[in-house]
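According to TrEMBL:
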type     : residues : note
TRANSMEM : 7-28     : transmembrane segment
DOMAIN   : 9-119    : domain 'DUF1980'
TRANSMEM : 40-57    : transmembrane segment
TRANSMEM : 88-109   : transmembrane segment
DOMAIN   : 174-300  : domain 'DUF1980'
Amino acid sequence: MKFHFQHFLKAVILGLFALYFVNLHITGDITKFINPKYDFMSKMAAIIFIVLFMIQFSRIWQEKHSHHACSHGCDHDHGNSHWSLKRIVGYCVIAFPMITGFTLAPATLDSSIAANKGFLLSQGGNKESVGSSNRNSLLEGSESLAEKENIDIYSSVEDIALPNNNYLSEEEYDEKFRMLQEETIQMTEDMFSTYYGEINKQPEAYVGKRIKMSGFVFKEDGLASNQLVISRFLITHCIADASIIGFLSEVEGADTLKEDTWIEIEGVLDVSTYSGYELPFIKVTSLNVIDEPSEPYIYPVLTLLN
């Protein structure tokens with residue numbers, strides 16, 4: 001039996017990739033990288049890595065053969081090829097994301113990222129970009145924030161073991177959507193993006209209503225000393241496409257609140273003008289500083305069709 005070091009190295013890399021994916025799911029950190037609707041695909045990737053690891057592991061120890069059946073033109077790897085700079089660079093490129101994944105803790109997107117991406121306040125009152133459907137949002141070229149997936153193999157949402165509570169039946173969605181007509185609007189995690197889109201589309205229709213929400217402090221250039229933006233990151237697919245959304249707010253003592261501070265507020269909706277656009281505006285009446293939630297991002301609603 002001969003020990004093949006390169007086969008061993010490949011097995012180690014595959015095993016560590018599998019371990020990394022499994023660890024992300026065990027700790028729940030997977031939601032810091034992707035929308036939970038892709039959780040199943042990520043688990044499948046972990047399983048594939050495990051299978052590949054097992055196959056590769058079986059090749060580490062093999063009987064030594066003095067010859068093989070390949071022709072002289074054979075150019076595939078038998079695991080005992082000589083080391084070269086090209087081969088070393090190849091291993092390093094493959095191992096680099098795994099090394100950074102284990103050594104760097106997942107970081108939450110913050111106001112510095114928001115500043116680089118650009119905030120969406122200037123889109124707030126641009127009604128020409130909003131479609132006629134009451135489920136369309138201002139966000140990203142008037143895309144709908146209520147995505148739909150036709151998953152008719154399930155009889156009810158309760159039967160589905162999903163990590164993302166944004167999966168709602170049509171009935172649940174309609175019931176929660178009607179809550180926008182109540183005197184106090186609760187910006188819950190599952191309906192945050194939908195409520196946000198609706199309030200921005202018709203801000204004058206919600207003037208005088210009370211609103212409760214939580215988010216992190218973001219301060220855009222040009223805001224008054226008593227103004228800030230209560231913000232959240234919306235992830236459609238993964239953190240690469242994250243968009244920052246939020247409400248311009250008037251807060252007593254806003255200048256004492258540092259950016260990225262998480263707050264929970266209650267206030268009254270009004271309409272203000274920002275960069276020539278009308279947009280919803282919150283007059284904050286009560287504020288509490290809170291810890292950053294374990295799942296700080298919000299996701300579009302996905303409705304299930306029975």
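Heads up, residue numbers simply count up from 1 along the chain you see.
Backbone N, Cα and C define each Cβ position, glycine as well.
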Tertiary contacts of the transmembrane segment (88-109), as residues 6+ beyond its ends and Cβ separation under 8 Å: 9, 13, 16-17, 20, 29, 32-33, 233, 239, 242, 292, 296-297
The domain 'DUF1980' (174-300): DSSP-derived helix, strand, coil residue counts: 28 helix, 56 strand, 43 coil
Segment confidence, the domain 'DUF1980' (174-300), expressed as mean pLDDT: 92
